[in-house]
Each structure stands twice: as structure tokens, then as C-alpha cells.
Amino acid sequence: MVDLRVNIGIELQNPLILSSGILGSSVGMLKRLAGTGAGALITKSITENPRVGHENPTVIEVAPGIILNAMGLPNPGVDLFLNELEEEDELKIPIIPSVAGYNEDEFGRVAARFEDAGYEMVELNISCPHSTEFSTGKVIAQDTGRTSQVISAVREITSLKLIVKLSPNVTDIVEFAEVALDAGADALSLINTLEALEVDPFFEVPVLGNIFGGQSGESVRCIAQRKIADIALAMHSDRIRNVPLIGIGGVRTPEDVFRFILLGVDAVGIGSSILYEDLAIFENILDGLERMMVDKGYESLDVFRGKAILRIAEMMV
Ligand code: SIN
């Protein structure tokens, strides 16, 4: 038996987390996901008022491993979402609400509603690349000032543990991690999707209703790994404070989870790959991960977490 438990500020039975993004805005879906073997579920991002999201199409696989989405944060709004959740029996798995908003006040109000409802931890989604119509302007996670304002505002009015979801669409992700940690983040999740565009050569138009979207799927895994390594190396060299990391980006197999843990993450988000493997992906990955650990004689994730980062740090001297 291997010990798969992890602590990201709350204890999880295993490191696999449904990442916020494509699934998880309906309570019915969360209920289905709760029995799949995941260690925790991060909900679809919830705003103060209901949002219908962008025009269809909103999610398209444009080539194997290349998924584009521009959903536009569709959700029922915090009141309805909480009402529906309250009607459910306990889901028996940690639920981490993802919070989004137009500005720091909305982030603060929505986060406070979740705290009042008894939640311990939320993720602040400041990095959706298509949160505005036609992806105009910078998103919060591309602006250090606004990143700090949003996190500080939530920090000031709640005692929630805060995961901050970082954007890969910046020059120096470590700079943004530092700002997030200074403003009070307790954990970091990365990466959100990469700014992207696809054009249909036959109809000669963009394929997404919102024109621009965000890329996920296996095609982004190595990019995610580079960004995770940048953050983990900055922690290793004490440039930034050490906090739990949730690695997200194209993870589909037990080997991918192993890679992310070698790069220092505490937990691993699974999102787009559910489109390929269905909900069995959580159990399948856990079985494979356990087998790999038994083969290598590793009794817990702590034994190999960050090993590749130590090696990279040595090689870079
Ligand atoms: C969306 O709702 O558009 C996706 C969420 C995200 O990219 O953060």
C-alpha cells in the first residue's frame, strides 16, 4: 500500500483534483464527479450574478491534444449555486469553489458568501484568458497591480485559504507568483489556458463563437511543466515563499502525474483529459500511479516530490 495523501492547506486522500474550467458548474455534475476517485473538486468559476457565457461553439478539439475553449465563465451565480449545493446530501469529498468577478469587490463578495456557507478554501480565478467579450484587454492575472488588489481584497474580508490561479500568458510567471504571495495567497495553481485562435479554412471564419479562446489538452503539458519548474525553482532558491502548488495542464496519464510531482507540485489538476477518458480517468490514473510507486519502492509522494527540481537546480550551477 502506498500513501497518496497530500496537504494543499486542506488534507486530500490523493493528489488528483478536478480543475476548474470546463466541468463543474452544475451541482448534478459535481455529484457525479464526487464518486470518481478524485481527491477534491474545484468548481466551475462562480460569479456574483448568473452569466450565460459566450456564444457557441465554446469548446472544440481542433486537433488531437489541442482543445480550445471560450466558455466565458457561464454559471448560475453564487446564490443559486449555493442553494443547489445545500439541497444535496454531503458530497463526501472536499469541494473548493472557484471564484471569479469583474473586480476586487465582486471577488470579495462572492468569496465571503462561500465562507459564510462553511467553505474553508477557494480558488481565485483571475486568469481566464477570455473573461471579456472577444478577449479584449488584459485579464487580472496579467496586471500585477490588479492581481494584488483582488487577492488583498479577499484576504481582508475573509479568513479563507486562498489558491490563486496563475496565467501562463505573461513574460515572467514568477513575478506574478511573488505578487500573489505578498498579497496573501496560500497556494498557487497553474497554468490556466494559453491564449489561442483557430480558423476554419473551409468556412474561412474563426471556430469559436468568441473568436479567441484558451488552449488546453496534452499539447500544453510541456509548457505547463516549464512554468511549474520556474515557480518551483524560485521557491527552491528562496526567491519566493514555499506554498502548496497545484499543477494543471494536459495531464492524462499516471506518468504525467509522476512528472508533475517530480517538478514539485503537491496536487495535480485534471480538466480537458476528461473529454478523452471520461470520468474513469481519476481511478485509472490512481491505479497507474500506485503501480509506478510500488515498482520504484516509493511509499509516499513526499519521497519523490521535487526530485527533478533538485536535479535541475544542481545542473544549473
Ligand atoms: C471559461 O469559462 O471560459 C473557462 C474558464 C477559464 O479559462 O478560466
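Positions of Cβ are set from backbone N, Cα and C atoms, glycine also.
The substrate site in TrEMBL is built from ASN69, ALA70, MET71, GLY72, LEU73, ASN125, ASN192, THR193 plus one of LYS31, LYS44, LYS161, namely LYS44.
The FMN site in TrEMBL is built from LYS44, SER45, ASN125, LYS165, ILE191, GLY217, GLY249, GLY250, GLY271, SER272 plus one of SER20, SER300, namely SER20. Checking the binding-site residues LYS44, LYS165, GLY217 for a CB within less than 6 Å of any atom of ligand 1 leaves no residue at all. For the domain 'Dihydroorotate dehydrogenase catalytic' (8-293), the predicted model reports an average pLDDT of 95.
Spacing of GLY250 (FMN binding site) relative to THR193 (substrate binding site) is 10 Å (Cα to Cα, whole number). For SER45 (FMN binding site), the nearest neighbour among the recorded positions ALA70, GLY72, ASN125, CYS128, THR193, judged by Cα separation, is ASN125. CYS128 (active site, nucleophile) sits 16 Å from GLY217 (FMN binding site), taking the CA atoms of both as reference points.
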